[in-house]
Structure formats: C-alpha cells, structure tokens
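Asks: So TrEMBL says this about it:
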- Ser422: active site (ACT_SITE)
- 511-521: compositional bias 'Low complexity' (COMPBIAS)
- 26-326: domain 'Hormone-sensitive lipase N-terminal' (DOMAIN)
- 344-450: domain 'Alpha/beta hydrolase fold-3' (DOMAIN)
- 616-696: domain 'Alpha/beta hydrolase fold-3' (DOMAIN)
- 511-535: region 'Disordered' (REGION)
- 550-575: region 'Disordered' (REGION)
Amino acid sequence: MSNIKPGTSIQSLPRVEKLEFADNVNYLLTACSQNVEFFSKDTSEYGKKFVESFRSLEDNLPTIQDLVYEVQNKVADYDYENVKGNGLRSLIRIAEVVVARTKTIAAEIAESRNSYFFRKESYYKKLNAYTQAVQSTLTLFEYAKHLISWSEPGKLIPSPTKEHLVSALMRQVGKPINQYCFYGRCLGIQFCDSIAMIFKTLLILMASFSEMYYSDGKLLDPVLKSGKYLYNPELRAKRVVNISQYGSVNFCKSFWLLGEIEIMARVHSMLNTLPICKVISIEPVPIVVPKTGCESETVTVSPPTAHKGLAPLEVRLLSCSKRFGMTGDEHEDVGVKMPSDELVIHCHGGGFIAQSSRSHETYLRQWATEIDAPIFSIDYSLAPECPYPRALEECFFGYCWALQNFDKLGTTGNRIVLAGDSAGGNLVLGITMKCIEYHVRLPDGIFVAYVPTVLRFVATPARLLCLLDPLLPFGFLLGCVKAYCCSREEFEKSLIHEEKLKIDVGTPADSVITSSTTPSDSVPPPPASTVQEEMGVQDEVPAQEAMEVQEEVPAQEGGAEAVVQPGPKPEEDPVLMTIKQKDPGVFQRMVSSLTSALANVGKPSVSDRDRLMQEMKEETFKICPDDMLEFDIVSDPWLSPLMADDDILGQLPPVSILTTEFDPFLDDCVELAKKLKRLGNVPTLDVLMGLSHGFLNFSQVSKEAAEGSSLCATRIKELLRSDASRAEEL
C-alpha cells in the first residue's frame, strides 16, 4: 500500500503571507487609517475615491473578522474524521486570502503614494477590486450563516426540500453579491499560481469566443476586437459574468469543444506515447452476464434506447503495454505481454454535456503509465440531446460488455476498479448501484474525484464557491443540471435570456469604475449608469479604446497579466486550417454548433434591444434572472447517489474520494464519506489545497495538478491491489 495517508493536501499557495488572519486584519486596519489621513488632504477625484475605499474597508473588516471567528468555532464539527476540509473551511480560506492580498495592496499604496511616479488610477483600480472582494466575502459569510441554521448539527447538506434551494437562500438573505471582482483583477486568487494563470487564459478565450458566437455571423470583426479582454480586466469580468447569467448550455458545449480540436492535439504531442490507444465500437445488442451468487443463472442487459434509440457505443482502450488480445492480431507476439490481472473502467467528466475520453487523455495516459493496467474509458452520450438516463444506461451497458470481453482488453479481470471525475464520478456510483440492482458482478473498488452526489439545487457552503469559480460559475452549473436532469420544456425555458448576450456585443462604454460599494435591496434600483459604476463594471468598448488603456492596467502578481504578441492573421491561422484535416468529426461538430447558434440567436429589433438592455441593467446584481431559479429536480438516487437507501450504499465496494478545497462539490464528497463510514464502509478522503474543480484536465500544464493526478493514480492502485497488500501485512 502507498504511504500517502487519507487527507493528504498539496501545499501550493506560496503567494499568501503566513501571518495569522487577525494579524493581517489589524495591519490592514492600520494601513487604512494612515491612507485615509493621507488622501483626505488630496482634493482630486482619485483622492476622494481612495478615501471612500479605505473607509469601506475600515467598516467591513471588523464585521468579517467576527463572522470568520464565529464560523471557525464550529467548522471542525463538519469535517470527516481528521481530514480538515469542508465548505465552511473553504470560505474561511477565501477570507484569509482576500484580506492578505488587500493588505499587500494597501501597503504598496502607502509606500508609493509620495512618489512622483505614483499612478493614482492604476492603484485605485486594484484597491477598488479588492475592496469589492472584501465586501463580497462578507456577503458569502452571511449566506453561510443561513446555511448553518438550515442543516442539522455537523451536516453540510440540508434536507433537499424547496425551502433549502438556492432560490430560497437568495430570497432570505436578500443581499446581492458582487461577482465581478472575482472574474476581473481578483481572478483565481484562491488557487495556486499555475492554476490561476490557466484560468486567466481560459476566461480571455471564453470572452473572446463569445464575441464570435453571438456575432450574427460576422466572425472577423469580433476576432479582431477580442484583444480588449487581454488589457481590460473589468471588461472581461463583465462579459464573463454576463455569460454566466445568460449563456446557454449550447455555448458551453461549443466553448469546451475547443478542448478537443487543435489545442488538445498540441497538448497530446507533449504527452508520452502509448502503444495502445484505440477506439472500440460496441454494437447495440443484448449482453448476457452471469448473475452473482448463482453462477447457473444469467442476467440479460439490453442496449440503451432512451432519447435516440439503438446506437453503437464508443469506448477508448489505453495501455502502456501491449497485451495479448488488445491488437486483435492473434499471431503477434513480439513485445506483447500476458494479460493484466487488473482493469480500470473510467467515465469522464464534463458536466454531462461536454468532453470525451479523448479530451481526458491528458491524465488518462499518465494513469495508464503509473498504474500499468488497461484503462477502458466510456464515451457516453451527452445532454441536452441525450439527457438522463441515457448516459447512465450506456455506462452500465459498457461495463457489462467489458465483463464479457476481457480477452479483447488485455486483462483477466481479476481486479476491477471504476474511476470517474465530476459527472463521471456520479455515473460511476450509478453503475455500481445498477450492478447491485441487476445482481451483476460489482467492481472491486470505486475511485471518484470532485463528484456531485446530490443533483438538486440545494444550497451548501461549498456550492457558494460557484459565485467565484472560473471553471464552474453558477450559471454554467445551473445549465448543466437543467440539461441533464430536467424535462426538455424546462431546459428550453433557460434559453430565453440568451439574446441579452447578443446585444451586449459592441455596446459602447458609458461608465467607469468609481465606487466600491453595493446597494441594498431595501432601496429602489439606482439608474443604470450608477449601478454599473458601483459594481466596478463598465460596458464593452471598441478595441482601439481598450488598446489605449494598456499602460493603465499594471501586471498582477505572479505575472497574471499577459503581454500581447502579434499573431497570425485569422485567414492564416494554422489552428483553423488544420482542424478539418486532423479530426473531421470534431470540425463538423464545431461548425454545426456555431451554425446552430447563429441561426437561433437572431438580431433583436430596436424595441427588443431597449427592453433587454433595461432588464440587464436591473439584473446587474443578480446571479441569474429570477425565473431561471424557479425549478426543482425530483429526488432520484440514480441522479443523487447520496440520497440512495442505506441498504444499497452499504453494499458498495471500498471507495476512495478525492476533491479540492475550492471544489463546489466539496461538501457532496465530505457527506458521502461520512455516510459510507456510518454504514461500515470507511473510505479514504483527500482534500487538495490550491487546486480547482476539473484540475485533472490541467495536469500537463500545472505542476500542482500533475501531483494531484499522480495521487489519483496512487489511490486507484491501492484499490486494485488492496487484497495483495493485506496479504503482505498478514
């Protein structure tokens, strides 16, 4: 067995000072007082703005300190055994990071304010963003206090009733939260440097891609203008938050599809080559498997038919060694090894709506090498075209096919582990429960990474992290859940706001960041321009104007601001020129997706444009339009494994769970571990620091993500070889 113990954390936040939270708060309060005294003598516009921001910090810091201490006194009650990880701890960590960073900026201002070269506008924009972040963090803790009162002592997930949905939380707290700061200058501050840089790049790409997606077919103009998102963090934040508020699952699918074209091809060129990496097509014919407990009886598993009828199922086989049966050539024996006793059956993540085994090769190849066992990855059908239960049916069908075809997979199948990340982890748990229901052979172990175990929009402390998560913002999560779990009619309701993103393209600027405060719901909405000024948000500006502010936007710590280099002209872009030749199927899907989007999102009329713009201004403070929150999902154990009966969960094989401290599904993972332990199945739980949901996809470009991926491989090996390890111990 590995000497890595459950609960191991990857320490990866060197940017944050080691001082205690109280020391940082006291230091910051002193710095605020000194800066207020200094800038009170400055009668310029920015002098007044500095005073306003520092006084806002003086007002909010004592309150946030009290709330942090109040939560901190209870936080250990929510842990799983000795693993220090739950959504409340994550919120405390957010507060620590935000205060530490704000302290650094206040100190920089105090040190530089007398200099002739002190740039007031540049420093004010930094200070304003972090002042907003402090206030937003305060609001997060007010949400968290409500959630604590909703749940039983020690439980992170309240009972899944309508009174405990996200919409109910928003109504009860009645206080808006400024998300913009966390997608602008404060983007990714909770993560390690390598992950923060990845998210900076991804969000620039997302904002730029949205210009093309919603451009009414005029592709060249948005591409040329998209450079503005490199130079203007506030503009990028506004666009990303608007995408989260109004963007459809179709946009998410199209953007994530970029990961399967040339970008992935280039990443694959850096990966270690595998002698076996091939796609197998499984015909939709019934499979007969032995019934557990009675070898003379069999179970017939029918091929999936939901939503699109009978269709072949594609799977991918990966192995670092050639083994007999894998190549299909019975006479080949040069360099071919005997079948492995082990098999890993894998389901990929992607929110049930996107990605494939190919896009997850970034870490599957690493696993295949480190585990030295065949990996059988299932490419299930995606929502919204094929919602629940199609994906679960296909994954169970693929699992049963593997049980009857070990000879084609280079394995004896003596030991089988099911593995999945995110949505794939949810499907892995569903496969195992299907095995119990059908009396089919169970896997010998289950490994899940950052898995959602309750697919209902129940509020938890960790799910509040969606309000500042770059990969899984609130609107994206909402869209994925609706696409997979809800009826077609309910899903289509969520598309009606997408027109607002179309009118947002090219809207001229009409405001500048001027204030760090946010209004209360108790007062009438202020004029639109005032709303945007108070939120630190500005409207879209022409590309040339954005280019001109380059010198006014300083580089963030850790090199977070990129430098633009001249690139190839769009018509000469080698990425676009080689997509079709390298993968025609992906190219066709991308073209089809864009064509569909351009056809369905028509240009609004002048009257509609005015109406939509007014709605957007009124919704500036909202995480999404109110009507998008008015839905619920039936409590179904196949969707929400944590809700399954105890007698089912009690039959699960050994389970290993891995997540991260800033994963929106952290509480789902912790509660699953607690419940399994109560049922006598003690799982391992790892909570990794500094990493995000979906970090496995970044394992080739982040050292910390690669270490996390390696830990996943270690946990899978432990499950595969647990019997041998126990025998050695005896």
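One-based numbering along the chain as shown.
Glycine is treated like the rest: Cβ placed from N, Cα and C.
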Asks: Write out the long-range same-chain contacts of the residue listed as 'active site', meaning residues 6 or more apart in sequence whose Cβ is under 8 Å from its Cβ.
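Replies: The residue listed as 'active site' has long-range Cβ partners Gly349, Gly350, Gly351, Ala449, Tyr450, Val451, Pro452, Phe665, His693, Gly694.
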Asks: Which residue counts does DSSP yield for the domain 'Alpha/beta hydrolase fold-3' (344-450) in the helix, strand and coil classes, in that order?
Replies: 45 helix, 25 strand, 37 coil
Asks: Taking only the residues in the domain 'Alpha/beta hydrolase fold-3' (616-696), give me the average pLDDT of this model.
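Replies: Residues in the domain 'Alpha/beta hydrolase fold-3' (616-696) carry a mean pLDDT of 93 in this prediction.
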Asks: What counts of helix, strand and coil residues does DSSP assign across the domain 'Alpha/beta hydrolase fold-3' (616-696)?
Replies: 29 helix, 11 strand, 41 coil
